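Student: Pasting a structure below so you can have a look.
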Amino acid sequence: MRALALAVVAMAVVAVRGEQCGSQAGGALCPNCLCCSQYGWCGSTSDYCGAGCQSQCSGGCGGGPTPPSSGGGSGVASIISPSLFDQMLLHRNDQACAAKGFYTYDAFVAAANAYPDFATTGDADTCKREVAAFLAQTSHETTGGWPTAPDGPYSWGYCFKEENNGNAPTYCEPKPEWPCAAGKKYYGRGPIQITYNYNYGPAGQAIGSDLLNNPDLVASDATVSFKTAFWFWMTPQSPKPSCHAVITGQWTPSADDQAAGRVPGYGEITNIINGGVECGHGADDKVADRIGFYKRYCDMLGVSYGDNLDCYNQRPYPPS
């Protein structure tokens, strides 16, 4: 009786915690790249990922030809190993790079793990594509490459950590909720080159660091630096969706978006990040550079690019 009772309790827990998927739920995928069992429940053991498994049967985002795990075995660490990280950001520690030694794999993984939906939403290819897109956009923001650079221009991401090596404007706008601190500058720092007090303030609040009073932390603490980039990536700023929602297929364009030519794909992320400068006026070298990084990283992760890579014909979002 006791064994039977425990079995019933265990089944009840599964029933409460499981999320239906597959044919039993209209083809829905499990969250966090879990396997969908033949019975329509999500999990990561052989009961879910073995015989009859309906989707994401590799048991995580690290299926297929993905390089070996670094040992973390979940999330972004199951997609990109330390050695692959070094290959993708091949020259980030070059003597010519101002950020030499700053951007580490451990800081990248630690910051990513603070945002558990990053690289764990959707199927294995979607997870890989998100990693490629994030590293591509941030590589463009921090690039030290040029057309004839050794190993090509797209091997030089993460070369810088501060806009113009710190010789930049203050970037302070009057915002009562995010007041600028005396003597502080809010120029571009970190992988996403976070800029302006109205971004430093909420980013710091979200990650638990007072970046209004200590913006230099983004250029001195690598984990904090990466966290600001993931904050920007994961956070919608209306009317813009989050970059995460776009690359994982969770964003549906509104009527205004459709009228503006904004469509799902990597190009929409460029519009979110810097559309006012780069989008809506035809071919643009900066957009092409972002695409070049993205294609290289997708190729290294063994995943397709998806559609709509540029924003040449997308109208930028209105200023916030």
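In case you wondered, yes, glycine gets a Cβ from its N, Cα and C as well.
Take a look at what Swiss-Prot says about it:
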type	residues	note
ACT_SITE	Glu141	active site, proton donor
DISULFID	Cys21-Cys36	disulfide bond
DISULFID	Cys30-Cys42	disulfide bond
DISULFID	Cys33-Cys61	disulfide bond
DISULFID	Cys35-Cys49	disulfide bond
DISULFID	Cys53-Cys57	disulfide bond
DISULFID	Cys97-Cys159	disulfide bond
DISULFID	Cys172-Cys180	disulfide bond
DISULFID	Cys279-Cys311	disulfide bond
DOMAIN	19-59	domain 'Chitin-binding type-1'
SIGNAL	1-18	signal peptide
Student: Which of Cys35, Cys36, Cys159, Cys172, Cys180 has the fewest nearby Cβ atoms, counting only those within 10 Å, among these disulfide-bonded residues?
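Tutor: Among the disulfide-bonded residues Cys35, Cys36, Cys159, Cys172, Cys180, the sparsest Cβ neighbourhood within 10 Å belongs to Cys172.
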Student: Select one residue from Cys53, Cys57, Cys97: among these disulfide-bonded residues, choose the one with the most other Cβ atoms within 10 Å of its Cβ.
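Tutor: When each Cβ's neighbours within 10 Å are tallied, Cys97 leads.
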Student: Between Glu141 (active site, proton donor) and Cys42 (disulfide bond), how many Å separate their Cα atoms?
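Tutor: A Cα-Cα distance of 38 Å.
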Student: I need the CA-to-CA distance for Cys42 (disulfide bond) versus Cys36 (disulfide bond), whole Å please.
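Tutor: Per the Cα atoms, Cys42 (disulfide bond) and Cys36 (disulfide bond) stand 5 Å apart.
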Student: Please report the three-state DSSP label of Cys42 (disulfide bond).
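Tutor: For Cys42 (disulfide bond) - judged by DSSP and reduced to three states - the answer is strand.
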Student: For Cys35 (disulfide bond), which of the disulfide-bonded residues Cys159, Cys279, Cys311 has the nearest Cα in space?
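Tutor: When the Cα distances are compared, Cys311 comes out closest.
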Student: Using a 10 Å radius around each Cβ and all protein chains in view, which of these disulfide-bonded residues has the most neighbours: Cys21, Cys42, Cys49, Cys279?
Tutor: Cys279
Student: Can you tell me whether DSSP puts Cys35 (disulfide bond) in helix, strand or coil?
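Tutor: For Cys35 (disulfide bond) - judged by DSSP and reduced to three states - the answer is strand.
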Student: Considering only the disulfide-bonded residues Cys36, Cys49, Cys311, which residue has the minimal Cα-Cα separation from Cys172 (disulfide bond)?
Tutor: Cys311
Student: So among the recorded positions Glu141, Cys311, who's got the most Cβ atoms within 10 Å?
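Tutor: Checking each of Glu141, Cys311, the winner is Cys311.
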Student: Nearest to Cys21 (disulfide bond) in three-dimensional space, by Cα, is which of the disulfide-bonded residues Cys57, Cys159, Cys311?
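Tutor: Out of the listed candidates, the nearest Cα belongs to Cys57.
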Student: Express the distance between the Cα positions of Cys57 (disulfide bond) and Cys279 (disulfide bond) as a whole number of Å.
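Tutor: If we compare the Cα positions of Cys57 (disulfide bond) and Cys279 (disulfide bond), the gap is 39 Å.
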Student: On average, what pLDDT score does this prediction assign to the domain 'Chitin-binding type-1' (19-59)?
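Tutor: The predicted confidence over the domain 'Chitin-binding type-1' (19-59), as a mean pLDDT, is 69.
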Student: Taking only the Cα atoms, work out how far Cys311 (disulfide bond) lies from Cys97 (disulfide bond), in Å, as a whole number.
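Tutor: Pair distance, Cα basis, whole Å: 29 Å.
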